[in-house]
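As recorded in TrEMBL, the features of this protein are as follows:
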| type | residues | note |
| --- | --- | --- |
| DOMAIN | 16-102 | domain 'Ig-like' |
| DOMAIN | 107-198 | domain 'Ig-like' |
| TRANSMEM | 205-229 | transmembrane segment |
Amino acid sequence: MLLPDPAHENIFLRGPSISSSEDITLPSDQHSPSITLQCNLTSAHSAHVSSYWMKNGVEVPETRGDRANTEYFLAKPKGPEAGEYMCVYTFEMAPSVNATINIKAGPDIVGHKRSDNKNEGQKALLYCKSTGFPYPVWSWRKLDNGVYMDIDNASGRFFITNLDNYTELSIVNLDIDSDPGEYQCNATNTIGTSSMVSVLRVRSYLAWLWPLLGVLFEVLVLVVIIVVYEKRKKPDDIQDGKPTPPTITKTRTFVRGPRTEKIITLIITHSMYVLTI
């Protein structure tokens, strides 16, 4: 009885073979030359159907073809182009195979919440977004006596959510004494690190009341001003022993005069401004 050839059996068990480009690390100054990723299907035991490229698990549009030697061109890639690239080959009678090429870059924070203004007792949300690969390890710190320190979560009010190149810091039931200040998000991977600062301001829960009281006070002042000017401009009811009818016309003319209207306009304008801030 003929025994199977071990060499032939090992070749069959190994399956299709792909040669591919090496991993690439982008320069930290964001000035990278153009890059061409390459994959070549060197052996297969089933008819090859197609090939295409994927980035971070998502198929790259317009990259499907039927060539065993496939390429993907990147013109001067920067941080957003970093990631896990994969060339994928499909077959008629066998599962698909792939090879992975990593384009690495240090994290670069490209978006963050610069500031947040809340009232005590409310919830604040700060966030940071970055580019780069591998995905960074995120951390949050708070400025304390000129030094950024790890956040003390003894109160259990701080919640951090990390998702690849994105992080959130949520603070519930804000405290007006301990929570305001500067918060720093920090992203670190094997290539480098990056950080950014957000400012949190916490106001008293009665803050909405002060503009309203200011408007009421100004309205009261307006009424007092009008009454005082009426008293000063109103003529005497009796002159030379002869009764004089009240000069209602003059009083109305004054109240509607340009000076009074100017005072009313200025106070109302200022009141509206106070209510909007």
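The backbone N, Cα and C atoms fix where each Cβ goes, glycine too.
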- Message: Looking at the domain 'Ig-like' (16-102) alone, can you tell me the average pLDDT?
- Response: 93
- For the domain 'Ig-like' (107-198), give the DSSP counts of helix residues, strand residues and coil residues. 0 helix, 59 strand, 33 coil
- Could you give the number of helix, strand and coil residues in the domain 'Ig-like' (16-102) as assigned by DSSP? 3 helix, 47 strand, 37 coil
